[in-house]
């Protein structure tokens with residue numbers, strides 16, 4: 001009898017050791033009774049289905065017995081690639097039972113994610129476009145290849161997009177709404193602004209790319225981490241069915257406290273071939289404290305000012321991969337016209353747009369895009385911040401060609417119809433054809449210079465082996481780099 005009792009205790013100990021655990025979220029703002037559950041690698045579809053049925057059964061029993069949580073249970077399911085999991089509202093007894101299941105890797109309290117942008121002054125010229133095709137600040141022309149991101153889809157994981165804004169020329173579409181507020185519009189303005197920087201005909205970098213609105217933040221610019229993960233999952237599934245994940249970009253101008261689940265979801269999308277640009281954050285602190293910016297496989301973007309100095313608000317540190325214009329950036333606003341905003345939220349869409357541009361031009365995808373942007377960029381940013389390992393400012397390659405404008409430029413696109421009369425800008429004379437410098441490739445044909453400085457009125461105003469990645473050296477080096485020699 002004693003032998004059998006010993007075996008039973010031993011098996012129970014093994015089961016407990018193999019079960020999941022509930023992660024602590026530190027100082028992040030948690031959402032009461034809301035949790036994200038991530039299943040272990042190797043969980044089959046059948047096991048996952050049985051687990052969900054079991055969860056619903058015990059949850060119904062517990063809430064009926066205790067009379068809790070009217071709007072409860074599983075709300076989001078994640079099933080793309082290696083990442084299996086779900087999120088929902090559960091009482092304490094249910095979430096303890098879930099975390100004790102050996103099939104569960106971990107349970108994470110749901111937290112609030114917010115935008116990384118803030119409204120600034122109105123009617124200032126947007127300098128970001130010109131800067132990313134020039135050797136030095138102060139130029140006024142944006143020179144780019146006429147392919148302009150054609151064939152690439154950019155997913156705006158944000159507050160939504162005004163898809164009817166004329167600057168999108170019919171290339172914007174509504175994808176999904178994870179907020180479930182019944183308001184399939186951008187009631188904040190943040191998402192429309194970032195989308196304009198990515199693909200708008202006037203303020204955009206990839207002027208022929210498409211943009212899909214994926215609403216994960218409410219009209220106040222905040223939303224649950226579980227909804228962000230659901231948004232990434234939706235993007236990956238949609239891209240795989242519409243042109244391929246290797247022709248897709250996700251921009252995430254948002255962030256919150258460190259989240260293992262959110263970082264895993266972002267890494268899974270990159271592993272499938274998508275390019276993810278993520279805002280570093282606006283707290284003037286180490287970006288490793290924020291998700292999804294702390295995920296090693298995404299392209300984390302800090303903000304620069306017009307004088308090429310790191311913007312005072314921009315996060316810094318080893319997690320930052322690149323810098324891009326982020327102070328006083330003018331772009332589209334809901335309802336028409338434009339507005340100026342500042343933040344790493346404005347820097348990230350510059351990288352997303354340029355990523356789409358390079359993907360169309362060179363046929364690369366996934367993490368290779370961020371590496372390519374590092375090669376094309378210029379070492380221009382001053383005061384990049386403590387522990388930051390780069391001072392690279394993004395560039396579309398024009399500066400690598402000696403700052404010379406390619407020959408035979410085509411006409412720039414016409415700006416959006418302003419709400420007040422404006423004087424038209426003078427057309428730019430094309431430069432003479434130039435021979436490439438020794439060792440440099442010939443310039444790409446049919447570039448287009450643009451005058452991005454026309455002011456517009458304003459009416460006021462983050463798997464090769466998915467699980468291995470999480471436990472691998474690179475992930476921990478990035479997350480806890482301050483402790484490494």
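Counting starts with 1 at the first residue shown.
Each Cβ is built from the backbone N, Cα and C atoms, and glycine gets one as well.
Taken verbatim from Swiss-Prot:
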{"type": "ACT_SITE", "residues": "158", "note": "active site, charge relay system"}
{"type": "ACT_SITE", "residues": "190", "note": "active site, charge relay system"}
{"type": "ACT_SITE", "residues": "345", "note": "active site, charge relay system"}
{"type": "COMPBIAS", "residues": "377-394", "note": "compositional bias 'Polar residues'"}
{"type": "COMPBIAS", "residues": "409-418", "note": "compositional bias 'Pro residues'"}
{"type": "COMPBIAS", "residues": "419-428", "note": "compositional bias 'Low complexity'"}
{"type": "COMPBIAS", "residues": "433-455", "note": "compositional bias 'Pro residues'"}
{"type": "CARBOHYD", "residues": "251", "note": "N-linked glycosylation site"}
{"type": "REGION", "residues": "377-462", "note": "region 'Disordered'"}
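Residues of the same chain lying 6 or more positions beyond the ends of the compositional bias 'Polar residues' (377-394) and with a Cβ under 8 Å from any Cβ of it are 131-132, 135-136, 286, 302, 304, 308-310, 314-318, 320-324, 350-351, 354, 481-482. For residue 345 (active site, charge relay system), the count of additional Cβ atoms within 10 Å of its Cβ stands at 33 [all protein chains shown]. Taking the Cα atom of each, the residue listed as 'N-linked glycosylation site' and residue 158 (active site, charge relay system) are about 8 angstrom apart. Residue pair residue 345 (active site, charge relay system) / residue 190 (active site, charge relay system) shows a Cα separation of 8 Å.
Here residue 158 (active site, charge relay system) is positioned 7 angstrom away from residue 190 (active site, charge relay system), judged by their C-alpha atoms.
Less than 8 angstroms from the CB of residue 158 (active site, charge relay system) sit 115, 186, 190, 191, 194, 195, 213, 214, 215, 216, 217, 251, 252, 253, 254, each of them six or more residues away in the same chain. Secondary structure at residue 190 (active site, charge relay system), taken from DSSP and collapsed to helix, strand or coil, is helix. Taken residue by residue with DSSP, residue 251 (N-linked glycosylation site) is part of a strand. Within the compositional bias 'Polar residues' (377-394), the DSSP-based counts of helix, strand and coil residues read 0 helix, 5 strand, 13 coil.
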